[in-house]
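**Student:** Following this message is one structure expressed as C-alpha cells.
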Amino acid sequence: MSKVYDWFEERLEIQAIADDITSKYVPPHVNIFYCLGGITLTCFLVQVATGFAMTFYYRPTVTEAFSSVQYIMTEANFGWLIRSVHRWSASMMVLMMILHVFRVYLTGGFKKPRELTWVTGVVLAVLTASFGVTGYSLPWDQIGYWAVKIVTGVPDAIPVIGSPLVELLRGSASVGQSTLTRFYSLHTFVLPLLTAVFMLMHFLMIRKQGISGPL
C-alpha cells in the first residue's frame, strides 16, 4: 500500500496539498457565524443530490409535470422524503445565504482587498433567488403557473424592450410548454453550472486572501 501511495506522492505531491488544506491559519475572532457560508454550500450540495434524484421521475411537460410530482410524493420509493428534503434545504439555503450576506457586511468582509469576493457573492445571491423562481414553477400547479405568469410579466413595464423580454422569458407570447421547458433547463442545468463556477471562484479567493480580520 505504501508503494502505491509513494507512486502517487511522487507525481502529485499529495502531502503538500494536504498540508496546505489542513494548516491554513484561522484568526482567533472567528466564531460560529463564520460558518454560514459553509452551511449554504452544504444546502446547495443537498439540492444537487435530491434534485438529481427527482429528475428520474419528473416530466417537464404541461400535461405530465403535476402528475409526475404526485407520483414522486406518493409512489416512488422515498420520493416524498427526497422532495421534502429538497424543499426544506432550498428554504434553508436562502436563509443561510441572507444571514451570510449580513455577517459579511456587518464585519466589513467586503472591503479592500476582498471586493471581488463580495462581487461573486452577490452574483451567487442572485443565482440563489433565480433557483427559487424557476423551481417554484416546476410542479406546474396553480401556484406555480400563476407565479410564473406574474414573474415573467414584470419586464413588460420596461419601455421598448419590455415585450421582447417577456417573450424571451416565456418562449412565446403566453405562458405554456415553452416556458416550462426554459425554466426546467435553467433550474437543472444553467443555474447549477453557473453556481458551481462562481462558488469555485468565491472559495479560491477566500483561500487566497484568508478570512477578514475583526472590525
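Cβ atoms here come from the backbone N, Cα and C positions, even for glycine.
Below, the features straight out of Swiss-Prot:
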BINDING   Cys35  heme c binding site
BINDING   His86, His187  heme b 2 binding site
BINDING   His100, His202  heme b 1 binding site
TRANSMEM  32-52  transmembrane segment
TRANSMEM  90-110  transmembrane segment
TRANSMEM  116-136  transmembrane segment
TRANSMEM  186-206  transmembrane segment
**Student:** Using a 10 Å cut-off, grab the number of neighbouring Cβ atoms around the Cβ of His187 (heme b 2 binding site), all chains included.
**Tutor:** 21
**Student:** Relative to the Cα of His100 (heme b 1 binding site), which of the binding-site residues Cys35, His86, His187 has the closest Cα?
**Tutor:** Cys35
**Student:** Tell me which residues of the chain lie with their Cβ under 8 angstroms from that of His202 (heme b 1 binding site), as long as they are six or more apart in sequence?
**Tutor:** Thr117, Thr120, Gly121, Leu124
**Student:** Please report the distance from the Cα of His86 (heme b 2 binding site) to the Cα of Cys35 (heme c binding site), rounded to the nearest angstrom.
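**Tutor:** A Cα-Cα distance of 21 Å.
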**Student:** Sorry to bug you, but what's the C-alpha spacing from His187 (heme b 2 binding site) to the residue listed as 'heme c binding site', rounded to the closest Å?
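**Tutor:** Their Cα atoms are separated by 26 Å.
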**Student:** Given the binding-site residues His86, His100, which one has the fewest other C-beta atoms within 10 angstroms of its C-beta?
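**Tutor:** With the binding-site residues His86, His100, fewest surrounding Cβ atoms within 10 Å: His86.
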